[in-house]
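**Student:** Starting off with a structure, shown below.
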């Protein structure tokens, strides 16, 4: 066991852990901002209740994303000082920009949002949550651009054993980054969408347990669909489905870039040992779809996909003796977990959209569908949305971990697949580690962070579950009649404000 | 001015901003148990930093990010050399952040006690360790580390107490003012001890004495500290806060003045620096962005300018 191994474990543990929270921050932040915008525009009280409910869940999670992120920034210098010195000129720039342009925005405006409910004009207060989530998403862009550079270094030259940036624009518009940013951000929206679906699913089931009548659709007529959870569920379904399409498209694009830029990663992802024309893709070990891999990688079913052994021979000739193959079983498995779990979640959302589509015919006053007819068909939009089936609500609850597992697997594929390089073709991981940091020091910090992170994960989970179970705060038992003409929910705002987020 | 000088100045500015702003956050975090009686007052005290601590912390993130981009070898050397102290700083920042954010969301008093513990420990650790790390950089001695750490903690306590006095009304404010006076009795001698021996990286190697202007800054920092205590005594909260903030800013300036031009032993800025292209590009982006950042941070302080009172939940 060397300091190098532990430093790698530490990076893996802290990064995967950090990324349990980040996707939820990115996606749920936009979702909450959307809910608040809906409240702002319609003045409907249930949007405010939902904003506050999901806002609380968002903030519980947000804290973890922030504090674990600090470790990430420091860790390069602590454990990977050789790497930091080599890449700082290029890699440091997006990190500095991330802090300056994104983190300040995010942190300052989240504070204004949490504490500004009764201090800011409504419109300005709404703007603060948008500013904060723009900051979150912007930070994803910068850090992913930095990460993309490690896989596909561009806009630099090596002078005196150090990378020197020659073109910041090239670094920020790296093809790898332009494919990876939407891919990861879409993944984040899938994670957040699945989270909202699970929360809604749980609450719908709870409502129905409390009121068994609701399990029988339509018995209670149109009124039965006024459950507070219907709207956020539909919104999350739309969000997840769109993100699923973006994620699939950019995933395909990333695959094609990996074929060009990191052939070893692609070979490892398929477990392909020899250069193969018309390479097959195996969705699960043992089953092969002929020529699919070549087609996915190049749009040409007959194209040659490189194999690990042939690449190994080539790299050994080019870079000197050494093992240039990543851990193939891990990369192979991660690839499949990512695709299967990610697409399963997206598929679930499409199914949900279909199940909750609007009825073609509006319900007649008696609660029974009105007779169908060509005239009615044109008025689809007027139809009442279908009830969410209980089994689907349960499925949403069960699907909660899927996109997060897909996200983790995606990072394992991406970063373990890059090994043994930290900077593809330029710097080996073994040459990146801090020479002056002892095994004991890394072991201590690894142990400290792992234990601390473990405890905090339990605490966060308990906290989230408690808030989900508690549900949104009840509106006042006698809701005040909306002031004539205003309709912007100001009255309800006053009613709900005494319980601030914090 | 050379680009390395520009970027050293920017980084010194960011670190100093962090010391000034997080200085009172750390102080408030450490003093919360002392300044408050009961839950309503505790929330009042922590509410003074609630909206701003996260944005203040980003000054540190940006300072470190700027070091990474502009002087990679300085960044890497500092963080790997002080490995275990930095681990503890990170642990502190983690438990403090989580404590502050979760405190209002937990339901049981025992959970809240955990959050309070996190806030206390998480404020004390970075406050002590940053002082110790920078003192060690200048003096390379254990005694200096301790003096630096104690000075840093006491300065944060004073600054935090003065901040609470400025931002609250009622019994908490009275308690904060008394506490400020008590802490200044520690901060003042610690400041004299820490600042009187300040060497200079630039001249120490050549065997020459520390330049006069660094002495002047150190003296001014000590004077501002004393002024902070005196103004608190007189009940001028705003001016007292200006004085303690100036004291920290002057200390930070003296510190980075002393680190110039070799921020780590045996490493000059020129050796540590990124190439001119990177420095130049970042300079332009920084020039455009920094005024906005400072602008909206000032605005956020303006929004929360009112003094807080204890509100029963």
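Glycine is no exception: its Cβ is also placed from the backbone N, Cα and C atoms.
Pulled from TrEMBL, these are the listed features:
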| type | residues | note |
| --- | --- | --- |
| TRANSMEM | A:15-33 | transmembrane segment |
| TRANSMEM | A:53-71 | transmembrane segment |
| TRANSMEM | A:91-115 | transmembrane segment |
| TRANSMEM | A:127-150 | transmembrane segment |
| TRANSMEM | A:184-205 | transmembrane segment |
| TRANSMEM | A:226-248 | transmembrane segment |
| TRANSMEM | A:333-355 | transmembrane segment |
| TRANSMEM | A:391-413 | transmembrane segment |
| TRANSMEM | A:442-465 | transmembrane segment |
**Student:** Might you confirm whether the transmembrane segment (A:442-465) is in contact with the transmembrane segment (A:391-413), defined here as three or more C-beta pairs under 8 A between residues 6 or more apart in sequence?
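**Tutor:** Judged by the Cβ rule, the two regions do not touch, with the required three close pairs absent.
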**Student:** Would you call the transmembrane segment (A:53-71) and the transmembrane segment (A:15-33) in contact, using three or more Cβ pairs under 8 Å, pairs 6 or more apart in sequence?
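**Tutor:** Between the transmembrane segment (A:15-33) and the transmembrane segment (A:53-71), which are separate recorded stretches, there is contact, as judged by 3 or more close Cβ pairs.
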**Student:** Against which stretches of its own chain does the transmembrane segment (A:333-355) lie, if we need a Cβ under 8 Å and a gap of at least six residues from its ends?
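**Tutor:** For the transmembrane segment (A:333-355), the nonlocal Cβ contacts are 187, 190, 193-194, 197, 233-234, 236-238, 240-241, 243-245, 247-248, 251, 269-270, 283-284, 386, 388-389, 392, 395-396, 399, 402-403, 405-407, 409-410, 412-413, 416-417.
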**Student:** How about long-range neighbours of the transmembrane segment (A:184-205): same chain, 6 or more residues beyond its ends, C-beta under 8 Å?
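**Tutor:** Residues 22-24, 26-28, 30-31, 54, 57, 137, 140-141, 144, 227, 229, 232-233, 235-237, 239-240, 242-244, 246-247, 250, 342, 345-346, 348-349, 352, 388, 390, 392-397, 399-400, 402-404, 406-407, 410, 468, 471.
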**Student:** What else in the chain is close to the transmembrane segment (A:15-33), if you only count residues 6 or more beyond its ends and a Cβ gap under 8 Å?
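**Tutor:** Contacts of the transmembrane segment (A:15-33) (Cβ under 8 Å, skipping residues fewer than 6 from its ends): 51, 54-55, 57-58, 61-62, 64-65, 68-69, 71-72, 126, 129-130, 132-133, 136-137, 140, 185, 187-193, 195-196, 232, 235-236, 239, 243, 403-404, 407-408, 411-412, 415, 453, 457.
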